[in-house]
Amino acid sequence: MQNELLSQPIPNLVVRKSIPMVFGVLAILLFTLVDTWFISLLGTEPLAAMSFSFPVTFIVSSMAMGMGIGLSAVVGRLLGGGDHEQAKRFTTDSLILSTILVLVLGVVGLLLMDPLFRLLGAPDSVLVHIRAYMGVWFLVIPLLVIPMVGNSAIRASGDVKTPSVVMLISGLVNGVLDPIFIFVLDMGVRGAALATGVSWLITFVVAFHVLKNRLNLLTLEKPEKSLLFIHWRQLMSIGMPAALAQMLNPMANAIQVAILAGFGVAGVAAFGASSRIEAIFLVFIMALGSVMPTVLGQNLGAGQKQRSARTISFTIHLVIGLYLAMYALIFLLAPYLAGLFTDETQVAELATLYLRIMPLSYAWLGVGIVASQILNVLHRPMASLWMNVLRLFGFLIPFAWLGGQLFGTLGVFSGVALAHTVSGLLIYVYILKIARGIDEPSVNDPGATSGGLS
């Protein structure tokens, strides 16, 4: 049967396969919001426990996302090149490493839970709730990490619908079980963690079934030790820089909040409320960033240079066109959306300003996010990492600080938007240059891990 990823028109492929991912990404966002909302009904201290848990849970999720990016970058090329057996072995070896890492993280987390969260500043009254939530969370994280990594292999095969449907079902199950476990069974925050674990179990079972039985990308044969370590090194050479790049955004956000805090709490509150709304608007970027590597990776593996270059160019220009077209709608909706999250006049006014300034830069923010994924697929993980370092700490933070010094809260918002725009334009020129030179050996060598930005 002909592989549609190697034969269908690129625009049709990218758009058609992105649609299910939009709903999958929305499901993940709603998953988090539902958990937070139900726990907020328990009171301030349980909600604070969730906030303290975020840095730890985000680090684990970032590691899983990084490993998934590395797996997708390699497996996509192998499948595109017709080497299914090697793709199966690489997927299996990657999941073995992911399992080992997550088990170690879980044990360390359980042993060091109290000192870790005390170091983060959690008082004893909140630590009780942290123990209840994270005690379960550390036990069930294999049910999160393994499907996250495995779903990357499923998407790399061209099947983006199954992971999206599973994410939707998982989110619905979590939403149904949360009130039952938290309130009906009176388990509090521990119940929220258990509901999360059950929903993750669904993704685990489905991912394993699809990889093993439908796609034949898992083998139970004993791995050859030398090949196992080669695969682990190859996975980590892309996965670790990708994981670090994922961790940069919350670091930059924390600094941005600190800058805003210097101009009053209203700006921080407006930023928090607007960020939740912003996440909904950015789902299209997340979806394209998940689908594009599938199409690009397989075409690179098949030696389809022109289609590979077309994939990069079309995706980048689709992001730009989509978000420029959306701006007018967001501008008009801004005051109504801001009012959903606050009834304080000053906060609502600042949130409205944020939602009218920041979307001007969404197109260029999207270029940066998608370009980072492109570089990982091209096996240039260090280039991707350094590009994100420069984008966030060479542009965003300095521009936000300078804008704040000149114009206060409005200046911080404007500085961030300007930083996204300037860095995005530079990345646009850089990534299209790569697309034009896609037939260079350093780009097409599946083993290349060069990190240079030039």
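A Cβ is built for glycine as well, from the same backbone N, Cα and C atoms used for every other residue.
Here is what TrEMBL records for this protein:
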| type | residues | note |
| --- | --- | --- |
| TRANSMEM | 21-40 | transmembrane segment |
| TRANSMEM | 52-75 | transmembrane segment |
| TRANSMEM | 95-113 | transmembrane segment |
| TRANSMEM | 133-153 | transmembrane segment |
| TRANSMEM | 165-185 | transmembrane segment |
| TRANSMEM | 191-211 | transmembrane segment |
| TRANSMEM | 254-273 | transmembrane segment |
| TRANSMEM | 279-302 | transmembrane segment |
| TRANSMEM | 314-337 | transmembrane segment |
| TRANSMEM | 357-378 | transmembrane segment |
| TRANSMEM | 385-404 | transmembrane segment |
| TRANSMEM | 410-431 | transmembrane segment |
**OP:** Mind pulling out the one from 52-75, 254-273, 314-337, 385-404 with the most Cβ pairs under 8 angstroms to the transmembrane segment (133-153)?
**Re:** 52-75
**OP:** Determine which recorded stretch among 21-40, 52-75, 279-302, 385-404, 410-431 has the most C-beta pairs below 8 angstroms with the transmembrane segment (357-378).
**Re:** 410-431
**OP:** For the transmembrane segment (52-75) and the transmembrane segment (95-113), decide whether they are in contact, meaning at least 3 CB pairs lie under 8 A, counting pairs 6 or more apart in sequence.
**Re:** yes
Original post:
Going along the chain, which residues at least six beyond the ends of the transmembrane segment (385-404) come within the CB cut-off of under 8 Å?
Top reply: 241-242, 244-245, 248-249, 251-252, 255-256, 259-260, 262-263, 368, 371-372, 375, 410-416, 418-420, 422-423, 427, 430, 451, 453
Original post:
Between the transmembrane segment (410-431) and the transmembrane segment (254-273), are there at least three Cβ pairs closer than 8 Å, leaving out pairs fewer than 6 positions apart?
Top reply: yes
Original post:
Who are the long-range neighbours of the transmembrane segment (254-273) in its own chain, taking Cβ under 8 Å and residues 6 or more past its ends?
Top reply: 338, 341-342, 344, 346-348, 350-351, 353-354, 396-397, 400-401, 404, 408-409, 412, 416
Original post:
Who are the long-range neighbours of the transmembrane segment (21-40) in its own chain, taking Cβ under 8 Å and residues 6 or more past its ends?
Top reply: 46-47, 49-50, 160, 163-165, 167-168, 170-171, 174-175, 178-179, 182, 189, 192, 196, 199, 276, 279-280, 283-284, 286-288, 290-291
**OP:** Please give the sequence-distant neighbours of the transmembrane segment (191-211): residues at least 6 beyond its ends with Cβ less than 8 Å from one of its Cβ atoms.
**Re:** 31, 35, 38-39, 91, 132-137, 139-140, 142-144, 146-147, 150-151, 153-154, 159, 162-163, 166-167, 169-171, 173-174, 177-178, 180-183, 185, 217-218
